[in-house]
Amino acid sequence: MATPYVPVPMPIGNSASSFTNNRNQRSSSFGSVSTSSTSSKGQLEDSAVGSLKQTNVQDQMDSASSMCGSPLIRTKFTGTDSSIEYSARPREAEEQHPEAVNWEDRPSTPTILGYEVMEERAKFTVYKILVKKSPEESWVVFRRYTDFSRLNDKLKEMFPGFRLALPPKRWFKDNYNAEFLEDRQLGLQAFLQNLVAHKDIANCLAVREFLCLDDPPGPFDSLEESRAFCETLEETNYHLQRELLEKQKEVESLKKLLGEKQLHIDALETRIRTLSLEPGASLYVSRAEGGQILRVEPSVLQVNRDVLDEESRADHKPHFNSREAGSVIAGIEVAQLAYNAEDD
């Protein structure tokens, strides 16, 4: 009697499991949420066979450990000027377990930089999102409104108590109107702010895949990333050129001011040198503000010694030295002159 044929599940090799793991772990810029949803359906189908699931889990852990040991090329937009640099380093331990990441290590609020209407095959709109994991590390991802909607549906299933405000869909109207797209961009920005405001939601797998927190995209992963990379370089170059022109104008202005000050100093030195070489020259007291020049002749400060001697003898007053009188009068005249110059 022939025995009936019963199929026996066989374990899948390490190469196949690693290939599946690599395909599911790396999500592209477009449709990353849809890709992860497809992989979740495949996992539900695999859960029907108990022994096969255990074998696959063990193989995936082995392949994940070998994959995390390899270097990872990351793109960094550093500083306020968004300059670009690259670093090759192995994945960190917390990337293997996203649920173990500290709340302090969560990314800052993603910023939607703008939108663009694509018309290559089918017309659609993509939103350019700037994600900052740390002040030194940031990257750009591109998402459609459909990606936001799918993420919102997933979060409703995972967190029934939370209700995130997502801009509604628009029916029977033009979805590519500029005013409508700007309003939708503001609504999506508020949606992202609510995502990172809650600890559990910000660290869940769906959000991490949506923002590519575990595997940031490189500048050459797709055409969109390459174009964003070039646009960032162009914008940085433009700002640097403007700053350079402003600095050059400031330098020219300072050079002109320095030349004027140097001419003024040279004129003062020439005048001082002239006065020191001519001891009998007149004394000048000038004011630069009003342009007034006061001149005192040496003859004004001289006193006729003979006249003073005769007057003192006629009045029978005590005799005093005419030189002392001249010095006193000269001191009085100079003091009065200095006081008047300060008043003017």
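Cβ from N, Cα, C; glycine included.
From a predicted model like this one, the values you see are computed outputs, not experimental measurements.
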Quick check on the record annotations: which of S28, S34, S149, S222 is tagged phosphoserine by Swiss-Prot?
S222
When the domain 'PX' (105-218) is classified with DSSP, how many of its residues are helical, how many are strand and how many are coil?
46 helix, 27 strand, 41 coil
